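Asker: One structure, pasted below without further comment.
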């Protein structure tokens with residue numbers, strides 16, 4: 001890393017070429033503070049959301065991340081959040097498996113999906129959208 005260059009975190013920190021969200025509903029938490037703010041916002045907004053807890057070193061996480069980003073364009077009413085467990089150690093200390101997906105509705109966690117599978121994730125997103 002060049003001196004003076006900011007460390008890339010969240011989705012940028014993965015180093016993957018990822019599709020962006022044309023609807024602005026894809027967010028990335030690069031710190032515990034950011035993730036806490038996003039969780040507080042979810043609780044007050046009551047809009048449906050999914051959080052993808054992953055890690056930059058997790059091969060399976062890297063495989064599901066491009067579809068996760070793509071799905072943010074398909075499911076416009078869901079808020080999509082990516083949180084790297086190494087960048088958010090306090091708020092993710094209960095995450096024991098990567099990737100883990102948490103689904104929120106009306107400010108409450110209503111579902112959890114461990115592991116991956118593009119079709120499985122798509123079906124779960126459809127269910128909660």
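In case you wondered, yes, glycine gets a Cβ from its N, Cα and C as well.
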Asker: Which residue range, 1-30, 31-60, is the one Swiss-Prot calls region 'Disordered'?
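Answerer: In Swiss-Prot, residues 1-30 carry the label region 'Disordered'.
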Asker: According to DSSP, collapsed to three classes, what secondary structure does residue 61 (active site, nucleophile) have?
Answerer: helix
Asker: Which one, from the active-site residues 58, 61, has the smallest tally of other C-beta atoms lying within 10 Å of its C-beta?
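Answerer: Among the active-site residues 58, 61, the sparsest Cβ neighbourhood within 10 Å belongs to 58.
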Asker: Per DSSP, what is the residue count of the domain 'Thioredoxin' (7-129) in each of helix, strand and coil?
Answerer: 44 helix, 29 strand, 50 coil
